[in-house]
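Comments concern the structure below.
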């Protein structure tokens, strides 16, 4: 049976993610105490229900991270496929969202401010984030989060999942990258008026960057680095590795390099391509 545990920071969009799981055909349970998870799985099996499970766990249920990881290992040992989805956002964004909704944080009390509660929650959940697929919703609306969840669900993962993410430095850097590479020193198609409207997926930009020796050298170097270290991460039983590639605007060079790497790594690793800012690529 496939079981998805959804966790993350309060205000980051866990409820939206859980609703998308339900719309995708999962049997969903919100805020389940972890000690009840084995009983839920057993009940599901006894009913001969083939529906996959999605369970939301967070600080409201008094989650014990050590217990959570033990439960995951135990369920996997019984042959279940257990995935962890972690939803987060930048603290400034979360503060704004709480202010707009006027809701209280689950950890807030007279002794802790909202910001202190958010920091404590982030520290508390970090060990769970380490083994999870992470979605940063700082620059997402609900529809975009739903799309990101659907894209993740499409991946049938049996081993290490390599997430190739492109972004623009002028919009900020991703906070969940395991490796980050900077493409801003490479020739920039943006300064060619004919190439500016295109993206790194379009043939005119592709042809231009294909002809740049520095660009090819950079791709070669990143491929060598990544393929050298990924086996080490697999040995540590990592489920996900995020490789972030950035350029100034996240439109030309970083997109091209991610697509080029994906072609080279295809067949060796399970891949998911993800972007942060290029909204015109959201339906790729």
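Backbone N, Cα and C define each Cβ position, glycine as well.
Under the heading ATP binding site, Swiss-Prot lists 8, 9, 10, 11, 12, 13, 14, 15. The annotation GTP binding site is assigned in Swiss-Prot to 58, 59, 60, 61 on the grounds of sequence analysis.
Residue 12 (ATP binding site) has a Cβ environment of 26 other Cβ atoms inside 10 Å. Apart from the site residues 8, 9, 10, 11, 12, 13, 14, 15, the chain places the Cβ of 58, 87, 88, 89, 137 no farther than 8 Å from the centroid of the site's Cβ atoms, the recorded ATP location.
Minimal Cβ crowding within 10 Å, among the binding-site residues 10, 15, is found at 15. Between the alpha carbons (Cα) of residue 12 (ATP binding site) and residue 58 (GTP binding site) lies a span of roughly 12 Å. Counting every protein chain shown, 25 other Cβ atoms lie within 10 Å of the Cβ of residue 9 (ATP binding site). Residue 9 (ATP binding site) sits 8 Å from residue 58 (GTP binding site), taking the Cα positions as reference.
Residue 15 (ATP binding site) sits 11 Å from residue 58 (GTP binding site), taking the Cα positions as reference. Checking each of the binding-site residues 10, 11, 13 against residue 58 (GTP binding site) by C-alpha distance, the shortest gap belongs to 10.
Taking Cβ-Cβ distances under 8 Å and a sequence gap of 6 or more within the same chain, the neighbours of residue 13 (ATP binding site) are 87, 89, 135, 137, 140, 142, 145. Every protein chain shown contributes to the tally, and the Cβ of residue 58 (GTP binding site) ends up with 23 other Cβ atoms within 10 Å.
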